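S.K.: Dropping a structure here in structure tokens format, bear with me for questions.
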Amino acid sequence: MAASMAMTLGVLTPAISVVSSIEGLKVQSNDLNHRIMVALAGVLLLSLFVLQYQGTHKVAFIFSPVVLLWLLSIAALGVYNIMHWNPRIYEALSPIYIYRFFRLTGIDGLISLGGALLCITGNMPLCYMLIFSGIIIFSKPNAFLTAGIDILFTEVGQFSASSIRVAFCFFVYPCLVLQYMGQAAFLSKNFSAISLSFYASVPDAVFWPVLVIAILATVVVSQAVLSATFSTVKQCHALGCFPRVKIVHKSKWIDRQIYVPEINWILMVLCSAVTLGSQDTTRIGNAYGIASMTLIFITTSLISLSIYFVWHKGLALALSFFILFGSIELTFLFSSYIRILQGGWVPLLLSSIFLFTMFVWHYGSRKKYLYDQNHKLPMKWILTLGSDLGIVRVPGIGLIYTHLANGVPATFSHFLTNLPAFYQIIVFVCDKTVPVPFVPQKERYLVGRIGPKSYRMYRCIVQNGYKDVNENENEYDFENALIMSIAEFIQLEAEGGGSGTPDGGSIGGRLAVVKSSENFGKRFGISKSNGFEGTSSSSLNITSSKSATLLKLKMMYDEQESPEVKFKTRVQLTLVDTRYKDSFVKEEVMRLMEAKKFGVAYVIGHSNSKAKWNSPFLKRFLINIVYSFLRKNCRAPSIALSIPQTSLIEVGMNYTL
């Protein structure tokens with residue numbers, strides 16, 4: 001739900017920010033038609049969305065100067081208005097005024113907080129400081145002043161916590177407080193100008209420069225919101241909670257900057273509709289306030305759970321955190337939801353659509369995964385076919401994509417029963433997103449063997465963090481890294497005590513974390529220690545692995561393999577030279593290299609999902625209609641996985657869920 005609200009903010013923030021900045025033209029021309037302002041805002045927004053594909057690397061260097069200039073400008077304007085209109089406005093910082101306000105107004109005062117919400121949404125630390133101040137009661141909300149602050153936290157991994165604290169406490173916060181104090185000072189003498197208090201308080205001599213800076217600042221804010229929305233969609237997609245989309249990243253772009261074409265055009269249409277359909281910024285502000293406060297409250301609730309369940313800090317601290325911050329947020333949440341009929345229904349409608357889409361996609365994908373898990377091919381059946389699998393093995397490498405991290409998918413049986421030939425080297429590739437932001441390159445590939453060595457069948461789990469971006473320019477980078485990882489695995493397996501005969505090896509051997517290298521097979525370090533008893537096999541551990549989550553996942557994959565396999569030797573890497581001491585190992589590696597020269601084919605399933613005929617009506621509606629519609633209208637799996645079309649083989653598969 002929070003992710004859905006974040007996507008909704010991707011629609012509302014550009015609209016309200018741009019419209020609010022252009023609204024200043026009314027100060028210079030009272031006869032300016034609202035439609036003209038909306039048209040100008042629409043042109044600016046359309047230009048912003050159209051230029052997304054080009055990336056921001058060429059103009060990103062001006063973003064920081066624009067924001068700095070904007071903050072310094074509003075701080076200077078605040079100081080000017082304080083000195084010119086009401087130097088005693090600093091007394092409004094006293095909490096006594098907010099107490100008197102609520103004592104006089106009662107419930108109406110709480111409701112009025114929704115009108116001041118835009119002063120602090122996207123900037124909750126400022127909210128907690130200003131909630132005890134009378135300034136927010138007298139200031140006209142200006143969304144574009146603070147709308148972009150929360151975007152900094154969306155990609156908080158790009159910055160250190162200390163840099164955010166220092167920048168906010170010693171620069172952003174003082175500038176905003178000075179600006180709001182200046183507006184309050186201006187309104188204390190010019191209350192009739194409350195509808196456009198910010199631009200009305202700007203001296204005529206600097207009005208046009210301030211307007212230009214404001215428009216530029218809103219463009220930066222809008223760009224930041226769009227980038228954050230793309231990142232949110234990408235992470236939801238990586239975790240299986242969003243339909244397949246195309247993730248575009250170019251090496252010349254800023255690190256981890258991505259572009260999602262489908263989401264960009266959807267946001268453009270929705271943002272244009274909100275901008276053109278709004279009569280004034282008040283309705284967009286009401287919608288923005290509901291989306292922001294809902295997102296903030298959900299975040300606070302989840303952090304409270306994390307304090308207790310993840311960080312193990314104790315129940316008292318978790319409850320204290322929720323009561324302290326949640327009570328303040330609930331007050332603003334209550335005051336904002338009262339305005340549902342005044343435009344507040346827009347974020348609820350949009351977030352409901354996003355939420356329903358994400359739920360149905362996750363539900364259908366999970367059902368398909370469970371179907372694959374329950375219909376895996378038994379290993380004994382594959383072993384009875386012999387090393388040639390009952391078909392002709394032709395030169396080349398076949399990469400069979402599957403969602404299964406263990407076992408052989410049922411799709412593979414279609415080849416064995418319907419095709420007279422298949423590739424000499426078979427690799428089952430599982431593209432897995434793990435619950436960590438980034439996976440180091442040296443821990444990305446988990447390689448294992450399926451069946452005896454003579455079968456030439458391998459498994460490779462490609463681990464990606466939910467924030468990882470594929471920066472490979474072409475498919476050859478991935479192919480080379482994959483082949484080199486398998487070659488390293490073959491060498492390490494032999495050095496680790498695996499059988500040197502063609503029929504040796506494990507039936508469901510454990511996976512090894514393999515670091516791909518251009519000089520594979522030349523320098524490895526090994527030291528043996530006794531492990532499990534039983535048949536000969538190998539279990540390879542890289543001592544450089546630092547992620548506890550990745551190690552747990554590897555152990556989980558190992559435990560889900562064939563229970564018939566027991567292990568004898570555990571190998572850890574040290575630093576010594578090794579050569580091709582085993583002729584069978586040399587032969588296997590050479591065959592792998594020869595197969596690579598003949599080409600690599602990508603095999604992926606083309607599925608058709610249907611619910612069982614006796615399933616409940618709701619399940620049949622979700623699977624047969626909604627999920628089927630999403631699957632047919634989203635990106636193909638080959639596009640989402642960046643698989644070259646010239647090397648693609650699709651296999652039909654019917655799912656009865």
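Quick reminder: no glycine exception, Cβ is built from N, Cα and C everywhere.
Straight from TrEMBL, here's the annotation block:
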DOMAIN    2-123  domain 'K+ potassium transporter integral membrane'
DOMAIN    146-383  domain 'K+ potassium transporter integral membrane'
DOMAIN    395-656  domain 'K+ potassium transporter C-terminal'
TRANSMEM  34-53  transmembrane segment
TRANSMEM  60-83  transmembrane segment
TRANSMEM  166-186  transmembrane segment
TRANSMEM  206-226  transmembrane segment
TRANSMEM  258-276  transmembrane segment
TRANSMEM  288-310  transmembrane segment
TRANSMEM  317-338  transmembrane segment
TRANSMEM  344-361  transmembrane segment
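Please go over these features one by one and say how buried each is and what sits next to it.
M.R.: Counting residue by residue with DSSP, the domain 'K+ potassium transporter integral membrane' (2-123) contains 102 helix, 0 strand, 20 coil.
Packing against the transmembrane segment (34-53) from elsewhere in the chain are residues 14-15, 18-19, 22-23, 25-26, 215, 219, 222-223, 226, 248, 259, 261, 264-265, 267-268, 271-272, 275-276, 278-280: each is 6 or more residues past its ends and has a CB under 8 Å from a CB in it.
Long-range contacts of the transmembrane segment (288-310) within the same chain: residues 1-2, 5-6, 8-9, 12-13, 16, 114, 117-118, 121-122, 124, 143, 147, 150, 317-319, 321-322, 325-326, 329-330, 332-333, 336-337, 339-340, 344, 347-348, 351, each at least 6 residues beyond the stretch ends and with a Cβ under 8 Å from a Cβ of the stretch.
Proximity of distant same-chain residues to the transmembrane segment (317-338), defined by a Cβ-Cβ separation under 8 Å and at least 6 residues beyond the stretch ends, is recorded for 110-114, 117, 124, 127-128, 131, 286, 289-290, 293-294, 296-297, 300-301, 303-305, 307-308, 344.
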S.K.: By a Cβ-Cβ criterion of under 8 Å, what residues six or more beyond either terminus of the transmembrane segment (344-361) are in contact with it?
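M.R.: The answer is 1, 3-5, 7-8, 11-12, 236, 240-243, 270, 274, 286-291, 294, 336-337, 622, 626-627, 630.
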